[in-house]
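> Right, I'll just put the structure down here and ask away after.
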Amino acid sequence: MLLQIDWKKLRSPALACALAIGATAALVPARPAMAQSAMAGRALPDFTDLVEQVGPSVVNIRTLEKVRPNGAPNGMDEDMQEFFRRFFGQPLPGVPRQQAPRQNRPQPQEEEQPRGVGSGFILTADGYVMTNAHVVDGADEMVVTLPDKREFRAKLVGFDKRTDVAVVKIEASGLPAVKIGDVGRLKVGEWVMAIGSPFGLENTVTAGIVSAKQRDTGDYLPFIQTDVAINPGNSGGPLINMRGEVVGINSQIYSRSGGFMGISFSIPIDEAIRVSDQLRASGRVTRGRIGVQIDQVTKDVAESIGLGKPQGALVRSVEGGSPAEKAGVEAGDIIIKFDGKSIDKATDLPRLVGNTKPGTRSTLTVFRRGGSKDLSVTIAEIEPDKPAKKAADKEDKPKPSAAGQSLGLVVSDLTDAQKKELKLKGGVRVDATADAAARAGLREGDVIVAIANTEVNSVKEFEAAVAKIDKSKAVNVLFRRGEWAQYALIRPLR
């Protein structure tokens, strides 16, 4: 599994100018001979010692889900059989036309089916393992495989979707734990290395440099940006510095194709450790909130109110009865400090407030009508993520499509309510899976947004894309599961 960053969320003009920079590269003057000689004298780093040092601490994580088979050919369940009976007017080949009533048949035992694969690393010698939340979220069982091929069933200690950090536990002792590095010492241009299981290929080593620190992509945390090759299956694996210390957790990529494009993002290890400490202590993460909707302060806004320079968080609205309202925060205020810490950009505020213990009395410094003012606010606890809503009743469901039968998929259009809930303009909902799609990890409730590198917003577009697929090749699928974008490869049935 691997998350992908929506390129539209990246506001940095540097990315938008990438092609222009490439186009003018030939015009850059050659370096002086002295500089070239100095560069030639620097040998590329040798990672062999680091791999030997850290490799034994990196694990493969396979997730499984429990399904109840019912003896149907190709693994299709009764609901899917019924769909084909309605759609084609006859049962699937090999399925008897008359069967005993469902309630009179013996109930089959649940079976475990592969759901996904990811990476992780040993946090403590007694079996705590750190990985990504999206690797383990929704899994019924987890199997952790060590580099020495020992396998352990893992227990979920807890996970946090906002930071995409999870901790699992295996019953083992004397394990080789990683060394935790200091993110503050990490420098742009520094060599780093990743170890993980891309596409299930265990203990794969890739390397590159730190491209940027504190990269803001619109998510809860700022990321470490690198050009280390990261692919599906690398999620949850460590980003390692040249001292053999873990400085990040590989989590996301920037991609328009579903594959690696030279831009990867890792969760800073200091933030991950802060989360894992809470997960190990209580199984959950407690965060603070004040109840405001905020936006970035632009140059125009700053000039119009006499702020001097763009900084702080612009308060768009204040929640009724919230700590912010009780403290006297007003819409239009610019929050420029929290407990004396400067707010350089809007995304700084949620992190500072979130890391504050609920019940704490803190100080907000706001810029209002040309002057600053301190307000005392009591931090409240942020509400836990709400579970996904149940699907609509049968009579409200769109008609399913059998166009994906060769892939083991039955899909339908999203309802307006589902689009609103998922914040999507389009896509197709997976109503049933079997065979190739099930083996690839897709399941009911997933929302396919692209297939074979083609965006699909409706069943009609899905059917058109599937019709063009080369049935002899694997098909890439980009889909949403809850909040997370994921990637899978489906081998079509023949």
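Note that Cβ sites are derived from N, Cα and C of the backbone, with glycine treated the same way.
Curation plays no part in TrEMBL annotations; they are all automatic predictions.
This is the feature table in TrEMBL:
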SIGNAL    1-35  signal peptide
REGION    94-117  region 'Disordered'
COMPBIAS  96-107  compositional bias 'Low complexity'
BINDING   HIS134, ASP164, GLY233, ASN234, SER235  substrate binding site
ACT_SITE  HIS134  active site, charge relay system
ACT_SITE  ASP164  active site, charge relay system
ACT_SITE  SER235  active site, charge relay system
DOMAIN    284-347  domain 'PDZ'
COMPBIAS  384-399  compositional bias 'Basic and acidic residues'
REGION    384-405  region 'Disordered'
> Reported in the order helix, strand, coil, what are the DSSP residue counts of the domain 'PDZ' (284-347)?
12 helix, 20 strand, 32 coil
> Could you check the binding-site residues HIS134, ASP164, GLY233, SER235 and say which one's CB has the most other CB atoms within 10 Å?
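Per the Cβ count within 10 Å, the most buried is SER235.
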> Across the whole of the domain 'PDZ' (284-347), what does the mean pLDDT come to? Round it, please.
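The answer is 90, the mean pLDDT of the model over that range.
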> I'd like the Cβ neighbour count for ASN234 (substrate binding site), meaning other Cβ atoms within 10 Å of its Cβ, all protein chains included.
30
